[in-house]
Every structure is written in C-alpha cells, then in structure tokens.
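Taken straight from TrEMBL:
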| type | residues | note |
| --- | --- | --- |
| DOMAIN | 41-135 | domain 'PUA' |
Amino acid sequence: MLQNQFSARIVQSFSSLSALSSYTVAFSTLQELAANHKGLAKVILKKGKTQLFKDGSPMVYSGAVDRIIGRPPPITGDVVLVADGSEKPIGWGLYNSTSMFCVRLMQLEDEAIRDASCALDVEKLLERRLDDALKLRRSLGLPSADTNAYRLVNSEGDRLSGLIVDVFGDIAVVASSAAWVEKYRPAIESSIGRINAISHINWRPSIDILKEEGLNVSNLKNFKACSHLEKVKVIENGIFYSVSLEGQKTGFYADQRENRCLIHSISKRLRVLDVCCYSGGFALNAAAGGADDVIGIDSSAPALELAKENAQLNNFDPGRVSFLKEDAVEFMKKAVSQNEMWDLVILDPPKLAPRRKGAATMAGRKITVLRHAGAACDHPIDPSYPEGAYLTNYLLRVL
C-alpha cells in the first residue's frame with residue numbers, strides 16, 4: 001500500500017513538472033526572445049532617430065537607418081529586429097530592401113514581451129490583429145441590418161501597414177499595397193476565410209505601389225479576382241448599392257459613409273448637384289433625404305451606369321434623380337455662364353484648387369466652415385502616422 005502511494009506521488013510530481021515545462025517562458029528583453037529565432041538581421045537606427053519609432057511611428061524610412069547587421073543580409077519580406085545605436089532592439093518588423101520604407105514595424109519591445117506568443121511570428125500576429133479588427137467593428141455595430149459594407153482592416157490604423165480589407169456583404173476585398181502582404185497572402189486569406197460571414201475573397205494588388213515596393217508586377221497585372229463575381233449588392237444606411245468589384249479602389253468608398261449620412265439629413269426640399277458622383281452615393285442620400293431635384297455628373301460612363309442602376313435599386317423617380325456624363329470643370333463653367341444655381345453642391349473629391357481657400361477666393365466669395373470631418377469610424381487612424389488621415393470633408397456655407 002505504501003509503495004503504491006509513493007509511486008502515485010512520483011507520477012503526480014512528474015506530471016506537475018511536465019505541466020510547468022509547457023508554460024511560456026518569461027522574457028525580459030526582445031533580445032532574449034530573439035535568441036530562439038536564429039538568423040534574424042538587425043536594422044540599426046541612426047543617432048537621434050530612435051525615439052520617433054519608440055513613440056509609435058510604424059514606418060522606418062531608409063534615411064533613419066545607420067546600418068544593417070546580418071549575414072546573409074535580409075531580403076524583402078524578412079522579419080528583422082529594429083535596434084537603437086547601441087544595437088539594443090526596440091521592436092521588430094518586416095523588411096524591404098527597395099522601398100523608401102525600410103521596415104514596417106509590427107511590435108515594439110514592451111508589447112512583444114507582454115505577449116511572446118505573437119512576437120516575431122507574422123502569421124500568429126496576423127490572426128491576433130484581424131481578430132482585434134473584427135471585434136472593433138462589432139463594437140461599432142458593423143455589420144448591421146441596414147449596413148453591410150464596411151472596412152475591416154485599415155492599414156496602419158489596425159496595425160497592419162499596407163493591408164486594407166473592405167467587406168461587402170459576404171465578400172472581403174483585399175487591397176494589397178506592401179510586399180509583405182503579397183508574401184503572406186496565403187496566411188491572410190486563411191485568417192479572413194475563418195470569419196463566419198465571409199464566403200468569398202477578392203484580392204486586388206495595388207500595382208503602382210507594389211512596383212515601388214520592388215516587386216515584379218508582371219504577374220500581377222493580369223491578375224483575376226478569385227471570387228469570380230463582378231458585382232455585389234450591398235446596403236448602407238438603408239440605401240442599396242450595386243458594387244463593381246472591378247471598380248475604383250476596392251469598389252466602394254465606405255470611408256464616406258458618415259458624410260453621406262450628413263447629406264441625407266440636410267437635403268430636404270433642396271436642389272442638389274453631386275459633382276464627380278461615381279456610383280451615386282451622395283446623390284442617392286440626397287434623394288432619400290427628400291431633395292426636390294438631384295443631378296449627379298461624372299466623366300466615367302461605367303460609373304454613371306452604376307449610379308443609374310443604384311437609383312433603380314432604390315426605386316427613385318428618374319424625374320427627380322438624374323445622372324449626366326460631363327466633365328466637371330466644363331459643366332460648372334457652363335452653369336456659371338447660365339447663372340444656374342443649386343442649394344447644395346457636393347464635390348468629391350476633386351482637387352480643383354491648390355489651397356483650401358483657393359476656390360472661394362477665385363470665385364470672389366466668402367465662406368464659413370460648418371463642419372470638418374474625415375473618414376468613417378471604421379477607418380481608425382494611428383496618431384503616430386498622421387499620413388493615414390487621407391480624407392478631409394468640409395461642409396461650407398457660401399455667402
């Protein structure tokens with residue numbers, strides 16, 4: 001009996017030791033953690049440049065790099081350590097030998113040590129960041145019964161620099177603008193494919209940007225989307241749209257959702273002109289908001305076909321909502337010469353004047369700013385990378 005009890009205690013002790021050995025080892029520095037990853041190169045920053053990246057700037061530009069330690073030297077897409085002048089790592093990221101952005105930082109040292117399971121492991125970090133992005137959109141109420149077009153991943157804003165994912169119903173459209181995104185395409189598609197609501201993935205490489213990233217884009221130019229769909233029907237704020245999966249950007253400007261909603265709220269009984277209307281987003285919101293007359297103009301015939309299709313989807317009266325193929329500048333010059341007036345004029349985007357005050361000054365008019373906004377809230381911005389705040393929207397009163 002005593003022998004059996006003693007044997008049981010020995011077995012229990014060995015089980016406890018085995019369990020302890022399975023626990024994640026605690027690391028105090030990224031250098032210690034990196035010791036388990038042989039062959040990692042180090043990108044050493046110039047004196048005075050380290051704090052910028054410690055403060056969160058996600059893009060290590062080539063001018064900030066003093067030297068690179070590694071044999072063989074790293075190649076584009078490799079995981080590298082980023083270190084200060086004393087060669088102490090401050091974080092890790094993905095290297096590019098050609099781009100002006102030498103490294104896209106993925107984690108700083110403190111974060112890597114707090115959760116070593118994702119440190120220096122791109123695929124695990126992808127899963128974590130995509131999961132975080134999905135939870136954020138759910139907390140924002142996306143998707144919902146009246147909106148199923150939204151941005152799931154917004155590059156630096158979701159800490160996946162160079163990766164954009166828009167969701168249109170059950171289709172995820174991936175806009176790739178970094179070499180590392182192309183390298184890890186299978187892992188990205190696998191992670192997105194695990195989202196229950198996603199049935200198809202459309203991969204859209206940004207050819208011009210990827211060329212600057214040093215990729216051979218000859219194989220990408222003839223790339224065909226894998227979903228085999230040309231259009232998808234979505235709903236945004238209760239308005240239906242037909243989205244061309246071969247259209248501009250990812251096919252639909254989800255970043256303007258809240259700005260379109262504003263137009264819906266202020267258009268009642270107004271005459272509205274939507275200049276450069278693309279698929280009619282602002283024009284349709286004006287019509288839904290009770291505008292008396294809405295005209296959308298664009299120079300693109302395919303865009304206008306989409307706009308007209310979208311008006312039909314929503315059963316808008318063609319006598320109240322119309323779309324014309326016109327050059328924006330020529331149309332407005334003609335309107336001025338004929339003294340034609342609208343209560344509300346929407347310009348999206350285009351850059352018609354070199355400065356914010358330029359258009360009003362050129363027209364000899366005084367303006368006041370009623371509202372200054374940017375992209376919708378599913379387009380988060382990293383304050384350490386202000387270049388991510390690409391969209392500016394003004395509501396102006398012309399006096």
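Placed from the backbone N, Cα and C atoms, the Cβ positions cover glycine too.
Please treat TrEMBL annotations as automatic predictions, because they have not gone through curation.
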Helix-strand-coil residue split for the domain 'PUA' (41-135), DSSP-based: 28 helix, 33 strand, 34 coil
For the domain 'PUA' (41-135), what's the model's average pLDDT? 96
